[in-house]
Amino acid sequence: ATQGQVITCKAAVAWEPNKPLTIEDVEVAPPQANEVRIQILFTALCHTDAYTLGGKDPEGLFPCILGHEAAGIVESVGEGVTDVKPGDHVIPSYQAECGECKFCKSPKTNLCGKVRAATGVGVMMADRKSRFSVKGKPIYHFMGTSTFSQYTVVHDVSVAKIHPDAPLDKVCLLGCGVPTGLGAVWNTAKVEPGSIVAIFGLGTVGLAVAEGAKSAGASRIIGIDIDSNKYDTAKNFGVTEFINPKDHEKPIQQVIIDLTDGGVDYSFECLGNVSVMRSALECCHKGWGTSVIVGVAASGQEISTRPFQLVTGRVWKGTAFGGFKSRSQVPWLVEKYLKKEIKVDEYITHNLTLLEINKAFDLLHEGQCLRCVLAVHD
């Protein structure tokens, strides 16, 4: 009944940086060619939402509708959309996959260039405009997803169709944090059995790295965090040892080198802190150690180390969305979840509603939650 019509619904709008979100009645325009309008049922909060709200994102535009880790049902589709239809269960993905660009054709990457020129500036490709407005004022999109809304419009290349049996209040997490951690291990680092792994930052992504490392057969999984309370939870995800840098006089990389007979085989930085990125590289074993940057640093920051670290055989890499090609591989991750081969439920510590979104951001900042899932229509 709503097809082709403007839908008015509730959404949490970020009017300016560092201010609480406000629940507004938002008009959501119908999808244009190659666009999909989705009824979002559940969305989770990720640190990237807080990072952009905090004004640290070079691509952050205001006012906008944040949110990028979600699940829902297709409400309608624009002209030319063939891969999904109304009623399909889907996960929107900020990491598009068109299947045609040189990135998509390469097995070496999951980055897709098709809609990046639009999603990077908060609009849609078809007309370089937004599909959201409040009282006639346009509201920018965020990461091509904008899931803190009861309805959103996304490019068709950014929609993964998933198994209808999957519980949407759980698999919404497969839109960002969990695949990012698992894929950093499986796709980017390609951790082998028997490896020693170090993980800096034990939030959702760090724990997903631990889970991925455990399933890859790592022999030691060392968790590093300045909050010692995180160790108990981390054990459930595969972390075998814990170090709090605050408990040591020596630099953390030296502490790790001493504990591992020269360093780790793989390290993962899951914080977005450039000085920690250096420690993560330098705790790697000479000759073969690989460090993967997973965390997103604030705009304008630079990484540094001595070239000798790389000359003597260490490798520095980065990853986005764990190297997973979204439309082809998110459905596979959902199947793995349904077969109980990967954890998802265990990352969810809080369940709130969209109306309580500012409370959810507070929990995130206090470090009291892993993932908080919001019921968008309650």
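Cβ coordinates are placed from backbone N, Cα and C, and glycine is handled just like the others.
In the shown protein chains, 30 other C-beta atoms lie within 10 A of the C-beta of Glu69 (Zn(2+) 1 binding site). Taken from Swiss-Prot, the feature Zn(2+) 1 binding site applies to Cys46, His68, Glu69, Cys176, supported by similarity to another entry.
According to Swiss-Prot, the NAD(+) binding site annotation covers His47, 201-206, Asp225, Lys230, 294-296, 319-321, Arg371. Mapped onto three states, the DSSP output places Lys230 (NAD(+) binding site) in helix. Taking all protein chains in view, 22 other C-beta atoms sit within 10 angstroms of the C-beta of Lys230 (NAD(+) binding site).
The alcohol binding site annotation in Swiss-Prot covers Thr48, His68. All protein chains included, Thr48 (alcohol binding site) registers 23 other Cβ atoms within 10 Å of its own Cβ.
Counting every protein chain shown, 17 other Cβ atoms lie within 10 Å of the Cβ of Cys101 (Zn(2+) 2 binding site). Cys101 (Zn(2+) 2 binding site) falls within neither a helix nor a strand when secondary structure is assigned with DSSP, and so counts as coil. For Cys98, Cys101, Cys104, Cys112, the entry in Swiss-Prot reads Zn(2+) 2 binding site, with the evidence type similarity to another entry.
Taking Cβ-Cβ distances under 8 Å and a sequence separation of 6 or more, Ala1 (N-acetylalanine) has no neighbours in its chain. Look at Ala1 (N-acetylalanine): DSSP puts it in coil. Feature annotation from Swiss-Prot assigns N-acetylalanine to Ala1.
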Highest Cβ count within 10 Å among the binding-site residues Thr204, Thr319: which residue is it? Thr204
Using Cα-Cα distances with a 10 Å cut-off, which of the binding-site residues Cys98, Cys101, Leu202, Thr204, Lys230, Gly295 are near Cys46 (Zn(2+) 1 binding site)? Thr204
What whole-number Å value do you get for the CA-CA distance of Glu69 (Zn(2+) 1 binding site) and Cys112 (Zn(2+) 2 binding site)? 18
Looking at the binding-site residues His68, Leu202, Gly206, Gly295, which has the shortest Cα distance to Cys101 (Zn(2+) 2 binding site)? His68
In the structure shown, which of the binding-site residues His47, His68 has the fewest other Cβ atoms within 10 Å? His47
Relative to the Cα of Gly206 (NAD(+) binding site), which of the binding-site residues Thr48, His68, Cys104, Cys112 has the closest Cα? Thr48
Cα-Cα, Leu202 (NAD(+) binding site) versus Thr48 (alcohol binding site), nearest Å, comes out at 16
